[in-house]
Protein chains: 10
Amino acid sequence: MKDLKFTEDLSRDDVTLMALSAKKKSGLTWEDIAKEVGMSPVWTHAAATGMAGMPQDKAETLVRVLDLPAEAVDVLTECPSKDWSRDIPTDPCIYRLYEIAGVYGPSFKALVHEKFGDGIMSAIDFDMEVTRVEDPKGDRVKVEMTGKFLPYKQW
Amino acid sequence: MKDLKFTEDLSRDDVTLMALSAKKKSGLTWEDIAKEVGMSPVWTHAAATGMAGMPQDKAETLVRVLDLPAEAVDVLTECPSKDWSRDIPTDPCIYRLYEIAGVYGPSFKALVHEKFGDGIMSAIDFDMEVTRVEDPKGDRVKVEMTGKFLPYKQW
Amino acid sequence: MKDLKFTEDLSRDDVTLMALSAKKKSGLTWEDIAKEVGMSPVWTHAAATGMAGMPQDKAETLVRVLDLPAEAVDVLTECPSKDWSRDIPTDPCIYRLYEIAGVYGPSFKALVHEKFGDGIMSAIDFDMEVTRVEDPKGDRVKVEMTGKFLPYKQW
Amino acid sequence: MKDLKFTEDLSRDDVTLMALSAKKKSGLTWEDIAKEVGMSPVWTHAAATGMAGMPQDKAETLVRVLDLPAEAVDVLTECPSKDWSRDIPTDPCIYRLYEIAGVYGPSFKALVHEKFGDGIMSAIDFDMEVTRVEDPKGDRVKVEMTGKFLPYKQW
Amino acid sequence: MKDLKFTEDLSRDDVTLMALSAKKKSGLTWEDIAKEVGMSPVWTHAAATGMAGMPQDKAETLVRVLDLPAEAVDVLTECPSKDWSRDIPTDPCIYRLYEIAGVYGPSFKALVHEKFGDGIMSAIDFDMEVTRVEDPKGDRVKVEMTGKFLPYKQW
Amino acid sequence: MKDLKFTEDLSRDDVTLMALSAKKKSGLTWEDIAKEVGMSPVWTHAAATGMAGMPQDKAETLVRVLDLPAEAVDVLTECPSKDWSRDIPTDPCIYRLYEIAGVYGPSFKALVHEKFGDGIMSAIDFDMEVTRVEDPKGDRVKVEMTGKFLPYKQW
Amino acid sequence: MKDLKFTEDLSRDDVTLMALSAKKKSGLTWEDIAKEVGMSPVWTHAAATGMAGMPQDKAETLVRVLDLPAEAVDVLTECPSKDWSRDIPTDPCIYRLYEIAGVYGPSFKALVHEKFGDGIMSAIDFDMEVTRVEDPKGDRVKVEMTGKFLPYKQW
Amino acid sequence: MKDLKFTEDLSRDDVTLMALSAKKKSGLTWEDIAKEVGMSPVWTHAAATGMAGMPQDKAETLVRVLDLPAEAVDVLTECPSKDWSRDIPTDPCIYRLYEIAGVYGPSFKALVHEKFGDGIMSAIDFDMEVTRVEDPKGDRVKVEMTGKFLPYKQW
Amino acid sequence: MKDLKFTEDLSRDDVTLMALSAKKKSGLTWEDIAKEVGMSPVWTHAAATGMAGMPQDKAETLVRVLDLPAEAVDVLTECPSKDWSRDIPTDPCIYRLYEIAGVYGPSFKALVHEKFGDGIMSAIDFDMEVTRVEDPKGDRVKVEMTGKFLPYKQW
Amino acid sequence: MKDLKFTEDLSRDDVTLMALSAKKKSGLTWEDIAKEVGMSPVWTHAAATGMAGMPQDKAETLVRVLDLPAEAVDVLTECPSKDWSRDIPTDPCIYRLYEIAGVYGPSFKALVHEKFGDGIMSAIDFDMEVTRVEDPKGDRVKVEMTGKFLPYKQW
């Protein structure tokens, strides 16, 4: 007979669903939650949904703010598998990010090499903000990213 | 016998190769060229390589700056096919952009909806800059994008 | 032990199944439901099945007309993930739409650029109707779409 | 030694390239050409570029209008292979058509069945127009299609 | 708490499984069942397994012959999603049909155009029979299909 | 320096192109050519285009009828690679064959097993005819295939 | 309310799992089981796991030897769907078979045509053995297959 | 100006085409050639077509037997890239090998593990023969392979 | 009615989940566990999670150290299916391994052939260590692998 | 008429072919060349074949050692597109690297996180050596890699 004690663990997916459900019930925005946690909204959302691991104190704050079960702290502090689909998503809001990468990616590469030489912008030592910019012709979404330049080692 | 007059046209790919070759020979940077053309470096590179159509005057300037054949103006002012590969590129410098879209795309979507409601950031009414930010722990690549928010029509 | 309060939320898929089931039981057509909701049939079906978010009052009407649980209003007013399969569907009725896009897409692009210049027909600021046109040689399906023209920003 | 007489035939791709090149040189729009040919612009573009076969007289007119070689008539009147890529195109202007098919395809299917019963809209006995609609909030692209309804045979 | 009344509906997959299970228990062949229903065996199997919608009286007969629950009639008379996998099946018995389409498809196309002009054999106004033909060198499977020829509209 | 004698061989693709070109110039139909060769039209087209190998005498007749170079006989009598694309073709005329295989394939399998037991219809010991059937509601394409039933060996 | 009598049927997957579980518990090897059944080990394993249908008496023996439920006989004697993944498996032990087919497949084809003419080795009228061959440099796996040669019909 | 001396090298593909062309002209079978070379026919075909590297003396013999240019020896003795398509081939003669691997691969794995423990049959320390076996019910293709068993290292 | 005794077996996936859960609860590292088992950390993790089969005594130790159910020993000593996804993983930590294989794989091949001749590095008779190397410019991950060289058999 | 001056540039592919051809003619090993260049063999091969950019002095040395045209220096010092195929290669020698990444990748990830926390091994600040290790049971290929650990930024 299978041992039930092993099937009761909270999985990373359980915690993500709990966090999204609790957030909706709480009436808080991600901006609000991020302020409580003391981090940026992009990172806070990513960490709450399994795309970043949290330090112990941040995880405890998140659990308190969203009234999650205490066991969720252990899950939130793990190093997650940051799996994303190699099939480009079709939801129009997310798809446009990939379209931008597709259309302007070669221009990005040309300018990085022009300004830094051979290497890449890190996606690990990286940060990102999303803000609303007022504009009389229609407000604009602003995305800002910075990533450390990493030169290729030559050995 | 095939009619040769139809095979002598400059194709969009011909002009892209010519522009890249001429740029290398000229010793100019994309920053330099963009300044001459009076546009931003990202857009100038995109337009020179077939990811944007140019207004007549800008195309004429580019042809002059890079010493391209006069027929290139016609090609540069066409509406190009902005084809990009749905197979995510593997060159590490470009791949990282897709990794960012994959890891942080859902957070981007959550924040856009939180700040604007149901809709998207336009990839058409859109601009992007790439700059170098000095940092004592290693200089950083900065990418800034803005796109007009487009709300879904309800009808 | 897992916390049951988080697993009882209605998901977007639950509401879609409920709406389709309730619609069948009600004997109403989508035309009827759309009239009640005060919107077009295409949009009403899309919103009921998770391809559009509804304003609060429209969601309340739909819930009343289809006798759905009150909690469904919250789900219907969210910004949904409009995910569709990048594998072209095989059901013959839907497949033909993609065949049309494949066969006549390049002609569509040529005419859009001829009439408007470089840019696209928005799929966001967009509407669509499907009607029956009587014809002595066999009635015809008529599809009408309009989308705002969006010119590429040049920056 | 290979027999040259077989390699001098005009291929369908040759004629498409010739037609696009000649059209550009002529300064005519597809509207103009279609008027000369006496057919609609969508069909005329499709036929000129290999997505439809032309009747003899229409092919002769097109060859005359665009000053193509006389041998092109034979190629234009063949039944072409209407091959299109099952990889959804990435050019934003064409991609949006597929996004529309993806997001609203299930609604289209529901309404076709509601109005006609089990069957499909033909993509063969089919026509399509693309027009510009003035709108103070920004002009709109209008696409109209009609296709004969084909009921499934039951046997 | 989720509303159970919506999860008790028979799905199209439920009815397919029920029909296959009941058929096996009944000891009837598809030939037998088709004779009872008054239709051909290919269509009867397709309709019982979700690849065709049934008229009311045929569905009632099938439900009676296979002793299915009365609610199955509603499911059998719906317009089904005729989804099939774009990944060519590997079961050798079905795969051979695709191999035939692959090897002889171009010959089929050439002969259709030679005999009818530009157009297609309809897969909607279509019928198919599978029979056993005795042969001293080994009996043969015979497949006969007819489909209405649909000429391309020129507009 | 590369040895030219090896690059002058006629390839299978050369012969296919030559046969299609010569057929067009000759004004013959595939029916006519097949009659000359003394075989069926489907097989004759398949053999002329590389989907079947020809016996020596049939190849000589085909070369004579189409006025192909004598070296083509050697190519026509080889065992060809009958390669076809596992990406289902999109040309509507050929696609419909795959749609039929997709929608009715499981019914075909069920009936083969019911009539013969466990095994397959051979695609090798196989023949196929395509004919035109007059019909007051619109003429029909008729496809007839027979393939030897091959029972699975049990060992 | 759903009818439970239809969900209690043993599926083909149920029987496969039962057979693998019972085999492990029994301590028998596939060699042992095959000897009991009076067939070869490859075929016996294939039949027990759904890749071959069994004659009635063989199925009854297998059910007795493995102490499976009596209803499993009906499942074992069905004509199964011999589905296998067109994604080449990655388990190294199975992958090597595909690597062999990939590297030496063209040589196999060349030799079959040289020895037999145009046709194939049947995978239906086919048998296969796997044995251990002692070798002082390391024992070897030996695989022997024979398949009936099937010449292409010419018609 | 490009340096022509680098474009005159014989490539591996050149040598494969030369070998196939010369073999056809010579009237020799692969059996004959293999006998001359003193190796088996499968390996000889593989080596002549780029799926195995040849020792110096074998390459010299092959060049002499087929009257290839002397420079081909260098190409034949290189370590080739044994690239094969991960898209399973569709030519029926080769496809059947993959069908066998798909249908009987799991049985092969089960028997290898039963006879040897955890490990694989090597595809490197491997040999293969293809022979014709007379049979009154139709001659059979026989394929024999042996590969060294490689146990997984445990460390 | 289905036989419950067959559904209570521990599957390989069950044991993997149990091992990961028990490891977390135990507070042990993989280094600690490997030391107890007397094997290396990479192999111990692989064996605990289904990518290697364990000898009886090692499995018993692991079960004791992690306090797993006794039945897990049987599962741990089986020859597992070492299935991995042919879709390259997207988790950045694992993806980088594939990027290395992609960028430097051809260099690896060139050097193996230069040092050993035609053959491969075995992935079966193989071992791997992962260690931390201190470095003032930032600590480094060190990966060491050795695999037996296997020369291609020539036969 | 096309401008020839733009088509005479050496491309990155031209230089790779030249380097491989010149290396073969020179009789040098990659070890030899690397020693001349003063870098490691893996990096030297990667740089010569377009998977790394070279500093000016290293490029000049390589051009001298291999007697390449002087223009090759410009190409060798560019930042290349390090494109590799997301279709896992099938050449057995390279495939085994991917198999290792597939089978042991999760173990690698677990140990990196255990030893360093959340982050990755850089594939940019990275080096790799391939050596031959003598072993009485058969010599072994040894691969050593080190990459800087990059912790995820939390912001």
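Don't overthink the numbers, they just go from 1 along the chain as shown.
Keep in mind that glycine also has a Cβ here, set from the backbone N, Cα and C atoms.
The active site annotation in TrEMBL covers C:ARG96, C:GLU99, C:SER122. The domain 'Cyanate lyase C-terminal' annotation in TrEMBL covers C:83-155.
Along the domain 'Cyanate lyase C-terminal' (C:83-155), the predicted structure has mean pLDDT 97. When the Cα atoms are compared, C:ARG96 (active site) and C:SER122 (active site) turn out to be 22 Å apart.
In this structure the C-alpha atoms belonging to C:SER122 (active site) and C:GLU99 (active site) are separated by 20 Å. Each of the active-site residues C:ARG96, C:GLU99, C:SER122 was scored by the number of other CB atoms within 10 Å of its CB, and the largest score is that of C:ARG96. Contacting chain B by the Cβ rule (under 8 Å between Cβ atoms), the active-site residues C:ARG96, C:GLU99, C:SER122 reduce to C:SER122. Checking the active-site residues C:ARG96, C:GLU99, C:SER122 against chain G with a Cβ-Cβ cut-off under 8 Å leaves nothing.
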